[in-house]
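J.: My questions will all concern the structure given below.
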Amino acid sequence: MRSPKRIGRMSAPGRKVRLATAAMLLVATTVTACGDGKDDGEKASAPKAPATIPELTKDPLTLSFIWFDWPPAKALEAFANAEYKKERPNATIKVNTVPNANWHDAMFTQFAARKTDFDIAVLDSQHIGEAVTNGNILDLTDFVKENIDVAAYNPYLLAAYGQFPQAETGKRDENASLYGLPLLGDTWTMIYRKDLIGDKPPQTWDQMIAAAEKCQADNPGVSGLAFHQANGSDAAAVTYNTVNGVYGGNLWDSKTRKIDGVINDAAGQEAMDVLVNKMKPLTAKGSGNWFIDEVNAAVAQGKACIAFNWIAASGGLLDPKQSTLGTTREQILDKLGFATLPSQKTNLVPLGGMGMHVSAYSATANQTEALNFMKWFERADVQKKWAAAGGVPSRTDALESPEFLNAGPFNQVYTDSVPRMRDMWNVPEYARLVDIENTNVNAALNGAKKPKDALDDIAKEQQSVLDSSSRKGGGGL
Amino acid sequence: MSEPVPLTTDHPGQVASATPPAPGRSRRLSDRWLAVTFISPAMLLLLAMSVFPLLWALYLSFTDYSATRGGPANFIGFGNYTAILTSAQVHTRALTTLIYVVGAVGLQTVLGFGIAYLISRRTHGRGVLTTLFLVPMMLSPVVVGLFWRFMLDAQFGVVNSMLGSIGLGQVEWLTRQRTALLSLIVVDTWQWTPFIMLIALAGLTAVPKYLYEAASIDRASEWFRFRTITLPLVWPLLLIAVMFRAIEAFRLFDLVYILTNGGPGVSTETLSFHIYKVAFLGFNTGTASAYGILMVLVVIVLTQFYLRYLNKLKEG
């Protein structure tokens, strides 16, 4: 007969066996999950793409992009499948989209896993530094030299969507490496109600504010201004940066990596004061979380005299199904005007748009196809077709072509704005810098912080991020 | 004649082991090994999906590792923990989280118990009412967040529209410091009051009827019966519901992400939302791991105190 003790309790050797088994399982799990650790130990750097395109596969292949969900993403997929397939019938283009707020995370969490389900990442220009430093995208310098006519572009556009380290505003460093090529150019356009403030758009920022003020007073229920104020993505940050640029401010001194004392200098303070105390009172109540869609909705519903939005997101404004301003495109255009941003102390405008970047973790056949697609896409004839399909090209000849200029009433605005563009910081710390600016500008716009305090906090916190590389622990707080 | 098989043992699960192994069965295929073999897949899954990530996060919390930057995970001791515990940014989020937890769970407890008490007094339609009240709890927090975001919109939201129709002005629910946190509390309360209600209802229906009958004979007032019979008997169960809700509320992320994105500024950023930013905006994996471990420790320690109190209450 077995003793109860024997039945009820495991013997010492039995316990050891179980403990050993559990430990082995844990070790096995750890080893499996961590791989060989080689990736972690190696210093990251962007691998080079070949100068010439290797032989393309004849097998069916899906070339995947990742972008955020907005009309240009749908336009790209339709355009590429219609046109690129003529040359490469075995290739299918798939543009995967995520909500704008998840765009950065969706790409960089896959980069972190060293495995991507996309071949071409559509990165914001400011993401390039982070991706290059981590070795996530291919170095295209040699490929561009062999395959792309760089003289066909405004040098700054080519630099903004591909160069790292970041170029000085308006310039390109020809000795710097290129990691991407332009996909979609963009900047802000001023959208104004011709029927309410007149056909001639305001020329200066002061005039613009005065016109919005008068329009709001004359038209009850219509707010003077509509612009991005949300604390997600780069919404409120781009708004402040735009006003900062117009009033002669700077975001940082890139050579000395100095932000504190630069962004919050007298010009920066004046810009914040204009934004919070002169522009914000002219916006609709509760508009403190508005971004692209909300601004468009306000314009389409006739609730704003003057609005600012990205050109690439403005196409829907001309759709009578989405607008209360008219039953035809022409009727809407009788009421809506599109103009370049007013100037004040400078005529700077924000650089928007994105470039194409090849994932370092994509299969070789897909990387080769991606390079071939990019070479095809940057051809003069394709750029004009892209313009006609609703895209914003980057080649100068396409920007000045009738295909582009006649495709939309705001396209002339883009062409005129190209020499006036300024970008944000293109550094690995971009995501944190923009979050600090977004949350503080949003706080100032919504009364949670005084404008001066918000600007000083931006300067202090951003400087701390840039200076934190030597800090032991607590990075990211 | 074979020996009788015992019907029970100290451990019912061992009954089968009293039957001798079939002749010729390998020693390795004993019942114990069979049990281990069957349990192993589940154990492996548990280790891979739960135990390993926790231990790995614990290890990373002592390093400066970044998931995107690659490179070695340098050991920095308690650097991350010290930085988190002394950070003014973290203190702000902790205070926001505390206000949120106390506000939301307090409101849910009062409302949930109130509704349960009223339902328990009904004899007809109790089942239908209970089911209807449970509907919000069955929805995804993201869906709840999205439709409340529309309802609370200052320009075209139905809430302001209703306020306007009774002559009250527009309220900026999601874009003002005070109203944004209040909105989060209200939405969370709308969704999770049914949980407290359900538990309280279970407690209320378990109160023996003879106690009320005895109280009635003694002509005890309604308030006296509630204070001396209902509340003391339901209280322990209600406290368990409060504990579950407090733990849930403490790690709130989804509603904040959808409704306010932490704004205006950072005024509705909770600790979980802050961890998300640390982990995925700057990919400071080491810091985020330490932050997460600290949150787990806080929950464990507070829960232990709470459970001790509950045990004392039970013993009393």
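Including glycine, each Cβ sits where the backbone N, Cα and C put it.
Worth saying up front: this structure is predicted, and the values here are computed from it rather than measured.
Pulled these from TrEMBL:
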- B:94-306: domain 'ABC transmembrane type-1' (DOMAIN)
- B:1-27: region 'Disordered' (REGION)
- B:33-59: transmembrane segment (TRANSMEM)
- B:98-119: transmembrane segment (TRANSMEM)
- B:131-151: transmembrane segment (TRANSMEM)
- B:192-212: transmembrane segment (TRANSMEM)
- B:224-247: transmembrane segment (TRANSMEM)
- B:288-307: transmembrane segment (TRANSMEM)
J.: Let me spell it out: take the transmembrane segment (B:288-307), skip the flanking residues so only those 6+ beyond its ends count, and list any with a Cβ under 8 Å from a Cβ in it.
T.: 57-58, 60-62, 80-81, 84-85, 90, 239, 243, 247, 250-251, 271-272, 274-275, 278-279
J.: For the transmembrane segment (B:192-212), give me same-chain residues lying six or more residues beyond its boundaries with a C-beta closer than 8 angstroms to one of its C-beta atoms, as numbers and ranges.
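T.: The answer is 104, 107-109, 111-113, 115-117, 119-120, 130, 133-137, 225, 229-230, 233-234, 237-238, 240-242, 244-245, 248.
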J.: Hey, which bits of the same chain come close to the transmembrane segment (B:224-247), Cβ under 8 Å, at least six residues off its ends?
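T.: Result: 101, 104-105, 108-109, 112-113, 117, 192, 195-196, 199-200, 202-204, 206-207, 211-212, 215, 299, 303, 306-307, 309-310, 313-314.
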J.: Residues sitting near the transmembrane segment (B:33-59): Cβ under 8 Å, six or more positions beyond its termini, same chain?
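T.: Answer is 73, 289, 292-293.
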J.: Go through the chain and flag residues at least 6 beyond the ends of the transmembrane segment (B:131-151) whose CB is under 8 A from any CB in it; none is fine as an answer.
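T.: Result: 115, 119, 157-159, 174, 183, 187, 190-195, 197-198, 254-255, 257-259.
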